[in-house]
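Below is one structure; the comments refer to it alone.
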Amino acid sequence: MKTATREAVHKIAKKVGEPASEDTKTDQLETVTEGVDGKTLTTQQGLEIADNQNSLKIGERGPTLLEDFMMREKITHFDHERIPERVVHARGAGAHGYFELYDSLGAYTTAAFLCETGVKTPVFVRFSTVAGSRGSADTVRDVRGFATKFYTSQGNFDLVGNNMPVFFIQDAIKFPDFIHAVKPEPHNEIPQAQSAHDTFWDFVSLNTELSHMLMWVMSDRALPRSFAMMEGFGVHTFRLVNAEGISHFVKFHWKPKLGAHSLSWDEAQKIAGKDPDFNRRELWESIEAGQCPEWELGLQIVAEHDADTFEFDLLDPTKIIPEELVPVRRVGRMVLNRNPENYFAETEQVAFCVANVVPGIDFTNDPLMQGRLFSYLDTQLLRLGGPNFAHIPINRPLCPVNNNQRDGFQQQRVFRGRTSYEPNSISRGCPMQSGDASAFRSYPETFTEPKVRKRSARFADHFTQATLFYASQTPVEQKHIIDAIAFELSHVEEERIRERVVRVLANIDRGLAENVAAKVAVTDISDDLNYLKEETTAPLPDDRRGAAAPGQSQALSLAYQPQQSIETRRIAILAAENCLASPIVSLKAALEELGAVVAVVAPRLGALQTADEVNLEATYTTESADSVLFDAVIVAGGATAVETLKPMISVRSFLLDAFRHCKTILVMDEGTRLLTAAGISELSMNDKQSDEGLIVHDGPEVENLIANLARAIARHRHWQRRALLSP
Ligand code: HDE
């Protein structure tokens, strides 16, 4: 790790607009990063401590003295160690990295980091779930936050996005209601990190603007296989403003290098128990292993005058711009290559804010975005204990910060001089307003309309894009949506809520509604939403129906995501004493060469005695590992080893789960007997030929096998196998 002097950091921050380099944020953080190696324990005041094991007492068995300032200081600090968790997005994981531009957007914006190609702008990214508490599991059904802080030469730009391109509601005033509905119910604080409960679905059934987002959150997108395998979206329409003051509308996208891939619901639920840190652990481990997650930044740019030609309103955050209508222009890449030094200092204390923009990027009148412009700073005042949270190292910009904002809790800077106001004459007017054309100026949009509490009629179509999303899914993906909604509704106690949800679904897709209804004992599948008028007091839009019959958009289905790479894929080798190790060792080396993470799972840890006396080391036991933690399974050959594994229930369920979750399974030689023992042979019997994910191999030669195996693993899951399996 490089060490930076204070002078070096002052150099970084000499002038606004001076380009930063990839390491400048790391260098800045390095000035406040401390280690304990070789150091003596002291109090906060620097007093060396001679005894940290015993409090100060009268006699060995007497009472502890109030005088024991060391114990009091230590316990007081401990008592105050927690800060409020985020009101939403409480559970998260973060990483450092850089953004590198390769296609200048100078024609559209003055934002330097989007104009200067080749410049590496430091970034910090925090991924999160939304509904759960800080200690909840990673793999729950939920939206994922994808928040990026760009430490640009013109100040911090925060792209506070999600892994889904739309949102549940159209207006910020409804956000507290929506979050109250999805969070645990207030009387008993149940359920944790789940939307499968009455209040969430009550809200869904009474707010049809949710329909489009409901399709996303009930789809596999809500169960990302890893943070590196999910897309990111800025959601709202932003503005890019160029040097001539011309504004274009823009939607931001992150496109993952590995493609977007998801877990299945059964898998996700089991992982939540087996390894609640599944996603954050993988983020950490892949960065430590040098397999750095990577995304391309893409933009959909729309001339202002073209915006009116769309059937939907660009200011409506429940709508996407289909990629077929406006292609995504990829302009740069982001690489996450360094884990935080300290979770609390960095990941917990980072404060993202939609209002953190740089010159050349501006807001629109999206009513959801307008509310967010207020909320983030407001919530951080409470969460981070006052108005000086921008001084916390992870939040500090790299360019100079000069203003007259003084005092407050935890003030970290020592301001020299007599003035803290502007204009002034005593300090030669400093710090003074910028006369540079490059300073931030709000886009001078003109307004002529009256003040009203109303929504544009163009926001009224709540279903067209929900139908587009559903229609764009493959039959397997549609089945996952049906199963997900049926699972959730089966946890809803009130029958009338289930009925109302089915009516909402009937407006999205009749087949969807019928399939769900059949599973949750609803018989009335009418698409009549008149109950909304009776049961809510909210004014309803006149026409909530779809405007036009939607087609399909491949960009909405995970089936069309890149499926070439096996980087970071986790592969388990099921082995035991006396297995045939040499083909396994060759396979392991070949898969690792392609970027996979391969582990041997055996009845016991450590070096195994193998039939061919080749060294094979088990790093998991069959009890501690589970196939849900892996993307593929290889069963080693060797008759004695297979006989050892065959009677073990843990091994059978390992394999059966891998099969059920549609993963690639390679079976070597006698290993096929395990397929029979697990009941898989019987299940796959009729379809062996068409299941590319079930590979049986005889003999020691594995050269020709590797390409097939890698292709099958890169396919992610062999969902078509689902057709063989009843739920
Ligand atoms: Fe947030 N959101 N949000 N949100 N949001 C917060 O800010 C809020 C919305 C998003 O890793 C809070 O510092 C309102 C959309 C992410 O630290 C809070 C509305 C999108 C994160 C807040 C929305 C997001 C937050 C809680 C509706 C995707 C985590 C803690 C008007 C574009 C950032 C905090 C991190 C966090 C408010 C809707 C993304 C309360 C009022 C839409 C990724 O301020």
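Note that Cβ sites are derived from N, Cα and C of the backbone, with glycine treated the same way.
Record features, source TrEMBL:
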- HIS89: active site (ACT_SITE)
- ASN162: active site (ACT_SITE)
- ARG86, ARG126, PHE175, ARG372, TYR376, ARG383: heme binding site (BINDING)
- 1-10: compositional bias 'Basic and acidic residues' (COMPBIAS)
- 42-430: domain 'Catalase core' (DOMAIN)
- 1-26: region 'Disordered' (REGION)
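Positions of TrEMBL features highlighted on the structure.
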residue	record	Cβ neighbours (10 Å)
ARG86	heme binding site	20
HIS89	active site	22
ARG126	heme binding site	23
ASN162	active site	23
PHE175	heme binding site	17
ARG372	heme binding site	20
TYR376	heme binding site	17
ARG383	heme binding site	16
Site diameter for heme, Å, by largest Cα distance between ARG86, ARG126, PHE175, ARG372, TYR376, ARG383: 21
Of the binding-site residues listed as ARG126, PHE175, ARG372, TYR376, the one whose CA lies nearest the CA of HIS89 (active site): ARG126
Euclidean distance between Cα atoms of ASN162 (active site) and PHE175 (heme binding site), Å: 16
Model confidence over the domain 'Catalase core' (42-430) (mean pLDDT, whole number): 97
Rounded inter-Cα distance in Å - TYR376 (heme binding site), ASN162 (active site): 15
Distance from ASN162 (active site) back to ARG86 (heme binding site), taken between C-alpha atoms, in Å: 16
